[in-house]
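Trainee: Quick paste from Swiss-Prot:
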BINDING   594, 597, 600, 635  [4Fe-4S] cluster 1 binding site
BINDING   606, 625, 628, 631  [4Fe-4S] cluster 2 binding site
DOMAIN    585-614  domain '4Fe-4S ferredoxin-type 1'
DOMAIN    616-645  domain '4Fe-4S ferredoxin-type 2'
């Protein structure tokens, strides 16, 4: 069976293959002769990085999982300054992390082509917001390409390298959840000889302080260069192979569709049976090419702009039309919603209203049927996996802390601790935010902490932050230093499951693994000690009693306590055992001992445990049990017994 990673490296120009959008981006980078790739994983961009990790050594590409997006951007940037083609990929909020360097570098430019892939998440399927990268690019005056198909996702990367080098400026490839994760036909192009031979490429950095040092005297003239360069891109995009006009030349109405919205518009027009509309397909939402706009607007009386999220194209078109004195009725966000992702339904409804047509489908009737289905189908909220070590950590923490404890948390699987029965997540904002929020609360609630001590005598802390291992290295370190330096009074629990689990089991500095072989492992507890934390301990969350006792000690210490809860991600570990042909333990309920107290369900909440309403007993689904033994530790009646031995 052929692996996708083999297909991505196929030396078969003209071959038609099926690829994920993110996999196609990697193929495009290889066809573009990439030399360096660096990224921090983040959904929906993660498969780009994982695919590159799988092929990099064979293709002669230096590839790394960086500690965060800022570091990844700077790594790729410096490779570009040394003359190599380089790429980084991140989710949309990852660009916020890289923003400081990103905005400064916009004035400096690049040498080798530099492509910044940013995967937006309209509808927030796995993100905390749905910010539009096109708006950020417009603010920064950085050009944006946006694919409408998997084929374009591949082809645009090579094109981006070329125009980046031509004009000496980085280029953003903006994708979305759908364009990242859709599959489609891709016709493979030619691979460069260096990629086929797997030869590492090395560059040459030529010193030029006036360009590369960002003191005001050097930077001041570059703003003008930035503005002049974006206009060169605008001119370039008039002839871009990813922009075109289709439909009858004598049409009176037109639709502008950037990126993936083009695919929805084409489907919507087919649904509506409309063929007398002119369509401007835009693969370059910023800057919009004015020459192409002039051609498109000829003979039109009304125009609709169909785009996801912010009116980035709409605003550019309206400003251009106003400045040109063009008297054409232009619609956009008055008909197309500004929130959530584009769908065929949304495109159909907007275009139908624009054209004064009835929709071919009764969507209201579908909505009513959907509501009825929702009433029948049991809800399936997300849950921590069976045997997830975080469940045990949360259970022990909640038991050890005062009832009034506050739990700032972070971005990762463990955010699911917000749900019952664990309820040990009170705030999340961004990667690394847990420690900063915990510190701020300790300052704001210092009097409350003293009062709590007097009332309960239960610990010197009421604030316990939780943060994952990868997140700790991502942006937790500065916040920890700040908390220690400013004598905060918090407990920080680092949930170390020995992998970057939520985005697909990628390595991080705490694992010591890299795509090219062993790296140097950095132990979280040693970092905390070196920073001067007042209490540092490491626990195995599969030992709930030990974890509980350690939390009690940590909560008694005045100052910053750091507890590292270390145990491999259960999902990752089970995968290892399956591949090795080994089995894991399984537990079952001894019905003679079970009293039906429901502590295992109402306080612990493992999804492998369910309630038998007839027998009024707890039961374990053997197909879901992964044998951590947490249930046996929390049951006060010893009703859970191991029925199969194994490793975990």
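Numbering starts at 1 and runs along the chain as displayed.
Note that Cβ sites are derived from N, Cα and C of the backbone, with glycine treated the same way.
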Trainee: Take the domain '4Fe-4S ferredoxin-type 1' (585-614) and count its residues per DSSP category (helix H/G/I, strand E/B, coil), listing them in that order.
Mentor: 6 helix, 8 strand, 16 coil
Trainee: With the [4Fe-4S] cluster 2 site defined by 606, 625, 628, 631, which remaining residues of that chain have Cβ atoms positioned within 8 Å of the Cβ centroid?
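Mentor: Those within range, site residues removed, are 386, 387, 587, 608, 609, 620, 626, 627, 629, 630, 640.
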Trainee: Out of 594, 606, 625, 628, 631, which of the binding-site residues is least crowded by other Cβ atoms within 10 Å?
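Mentor: So among 594, 606, 625, 628, 631, the binding-site residues given, the one with the fewest Cβ atoms within 10 Å is 594.
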Trainee: At the Cα level, what's the spacing in Å between residue 597 ([4Fe-4S] cluster 1 binding site) and residue 628 ([4Fe-4S] cluster 2 binding site), rounded?
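Mentor: That separation, Cα to Cα, works out to 21 Å.
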Trainee: Tell me the Cβ contacts of residue 635 ([4Fe-4S] cluster 1 binding site) under 8 Å, same chain only and six or more apart in sequence, or just say none.
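Mentor: Sequence-distant Cβ neighbours: 599, 600.
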Trainee: Would you kindly give the Cα-Cα distance separating residue 594 ([4Fe-4S] cluster 1 binding site) and residue 606 ([4Fe-4S] cluster 2 binding site), rounded to the nearest Å?
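Mentor: So the Cα of residue 594 ([4Fe-4S] cluster 1 binding site) lies 16 Å away from that of residue 606 ([4Fe-4S] cluster 2 binding site).
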Trainee: Go through 597, 600, the listed binding-site residues, and name the one with the sparsest Cβ surroundings, counting other Cβ atoms within 10 Å.
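Mentor: Looking at the binding-site residues 597, 600, the Cβ with the fewest others within 10 Å is that of 597.
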Trainee: Name them in sequence order: residues not among 594, 597, 600, 635 whose Cβ is within 8 Å of the mean position of the Cβ atoms defining the [4Fe-4S] cluster 1 site.
Mentor: 589, 595, 596, 598, 599, 618, 631, 634, 636, 637, 639, 640
